[in-house]
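First the structure, in the form of structure tokens, and then the observations on it.
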Amino acid sequence: MARQNGIVQPLLTDLYQITMAYAYWKSGKINDVAVFDLFFRTNPFQGEFTIFAGLEECLKFLENFHYSDSDIDYLVQTLPDNIEPEFFAYLKDLTCKDIKLSALEEGSVVFPRVPLLRIEGPLIIAQLLETTLLTLVNFASLMATNAARYRMVAGKNVSLLEFGLRRAQGPDGGLSASKYAYVGGFDGTSNVLAGKMFDIPVRGTHAHSFVTSFSTLDDLSSAALRHAETQKQYNLLELATEWRTRVSAIVDVSPEEASDGELAALLSYAIAFPGGFLALVDTYDVKRSGLLNFCAVALALNDCGYRAVGIRIDSGDLAYLSVLARTTFERIAEAFKLPWFAKLTIVASNDINEETILSLNEQGHKIDCFGIGTHLVTCQRQPALGCVYKLVEINGQPRIKLSQDVGKVTIPGHKEAYRLFGADGHALIDLLQRSSETAPAVGQKVLCRHPFQESKRAYVIPSKVEHLYKEYWKDGRICISPKPLCEVRERVQSSLRTLRQDIKRNLNPTPYKVAVSDDLYNFIHDLWLQNAPIGKSTPPSRSKATRNAVCISPVLEGENDNSKGQKIRRSPKVVREMGAGGRMRRAGGASALRRKRQSPAAVLSAGRDASNETPSQNNVSRLTTA
């Protein structure tokens with residue numbers, strides 16, 4: 001396990017965590033035991049999956065959690081004078097020995113509402129962990145997800161390099177971006193320190209400034225290069241000049257059009273790195289200078305027993321220029337009987353994002369490798385994942401957070417999570433259930449319910465059941481050692497392969513379903529009714545438009561959500577509960593009154609002040625799941 005980032009320490013937190021800790025301490029809650037869930041509510045980048053990352057850093061944080069003497073001195077100076085000295089002594093002795101952390105495997109594909117981490121232990125210490133755990137998981141998971149999306153649109157045969165350090169949000173943001181881009185599927189980074197710290201392959205060539213620093217061939221101080229095998233010394237400038245004349249006839253470009261300064265720069269770089277010559281060719285003009293000069297130097301290197309690697313294009317029409325370059329290489333390969341020359345690597349950079357790659361794919365580009373920086377490391381399409389950390393149980397008693405926004409209502413209690421698979425090996429649904437419930441079994445029918453929408457439910461008969469949680473930290477030590485980064489990287493790809501293609505597609509993906517067991521569903525709604533305030537009986541004046549409005553919760557990704565214009569594919573293993581003929585039902589009048597119970601979520605979704613009306617007053621159409 002790599003060393004801990006020195007910035008990650010107990011004071012890397014929000015002040016209110018420490019003020020809450022004092023209030024807990026002052027209230028005598030030292031021995032209270034809590035359960036917190038860390039989860040997110042919406043997938044990023046308008047997609048339907050997320051990659052979980054950051055677990056290794058969380059474990060290192062728990063392992064090293066301790067307030068130093070200087071930490072305590074700072075808190076004494078910063079907190080109000082009325083804080084009792086005994087509290088600081090309490091903080092000084094705090095460790096995570098009584099904390100238990102359960103989590104999904106790092107690199108797993110995950111979905112909204114399924115807790116990524118479950119933290120159990122003394123209330124005060126569990127509360128103090130919140131901000132740091134969130135900052136370790138939020139960006140790591142966002143970055144890994146962004147990288148995984150780039151990997152999918154680029155395809156498995158194209159290399160991806162992370163070039164974003166100079167555009168990242170500070171040094172730590174740059175290091176984290178390099179690490180989790182690699183986890184998400186990138187093949188290397190330009191970040192040298194990240195390469196050292198995380199054992200990531202490091203790649204890079206030269207910048208335009210290197211080329212423009214040469215003006216003429218006289219700037220080349222030495223052109224001598226020894227043959228790779230015979231050690232015979234050659235004049236690389238003479239060889240390249242001769243080859244430039246010969247190649248110009250093939251590519252229909254005059255040697256006089258090409259820049260001598262550029263040729264001098266490429267010769268200088270080739271002499272420095274004869275076995276790894278990959279040159280930037282767009283400093284002046286790719287077609288009339290860069291390609292011609294590169295080919296001349298590459299063929300001169302071949303005379304000396306070396307094979308060039310390829311070119312990088314950093315501006316212009318990347319699709320057109322890559323096709324031009326590939327055609328040029330193929331013509332030279334055929335003309336001079338050098339088959340390897342046709343397969344030279346073409347690297348493209350220049351502010352590339354997902355849409356750029358998709359467009360290049362449509363245009364039939366010939367690029368072998370993309371260097372991606374700004375859009376990758378800054379996650380410009382969505383700058384934050386939005387993980388939250390919520391109390392779900394205290395001293396064995398479940399806790400629920402209510403909200404007018406149904407999407408922000410928490411799922412209470414100590415829970416387990418399972419992934420149910422179909423016979424084709426694809427994941428069907430993630431199921432949350434109370435920890436006291438029996439785990440779902442292969443071949444046994446399981447009732448899966450939307451946590452808040454009463455009519456959304458389905459029977460699933462799984463061919464495989466995967467329990468998602470493992471204990472990673474208990475009794476003050478790491479129970480399961482984090483895997484090397486290369487294995488986490490492979491976990492990402494293997495986990496993504498369990499999803500159907502329509503869930504992973506870039507445009508209008510099919511939502512993946514997350515459900516709760518029937519027992520947990522009833523538990524949620526019983527607790528909701530116990531905690532929800534009872535409204536007054538006087539109904540407010542409302543317009544006709546307001547009375548007929550329907551607020552639909554988007555929480556369960558999946559069942560009848562066709563807002564993105566896609567026909568939802570259903571697994572044959574899912575047997576739907578439906579009315580006769582699958583017709584639309586109207587939840588009003590006597591039919592609603594005959595129900596044994598009305599879901600609080602249904603009441604809430606019918607209007608902001610639905611508690612003032614009976615079910616028969618709500619003119620809400622409900623489509624039975626089909």
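Every residue gets a Cβ built from N, Cα and C, even glycine.
Copied over from TrEMBL:
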type     : residues : note
DOMAIN   : 11-138   : domain 'Nicotinate phosphoribosyltransferase N-terminal'
DOMAIN   : 160-410  : domain 'Nicotinate/nicotinamide phosphoribosyltransferase'
DOMAIN   : 415-523  : domain 'Nicotinate phosphoribosyltransferase C-terminal'
REGION   : 556-626  : region 'Disordered'
COMPBIAS : 612-626  : compositional bias 'Polar residues'
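Broken down with DSSP, the domain 'Nicotinate phosphoribosyltransferase N-terminal' (11-138) shows 54 helix, 21 strand, 53 coil.
The DSSP breakdown of the domain 'Nicotinate phosphoribosyltransferase C-terminal' (415-523) into helical (H, G, I), extended (E, B) and coil residues amounts to 22 helix, 39 strand, 48 coil. Across the domain 'Nicotinate/nicotinamide phosphoribosyltransferase' (160-410), the prediction's mean pLDDT works out to 96.
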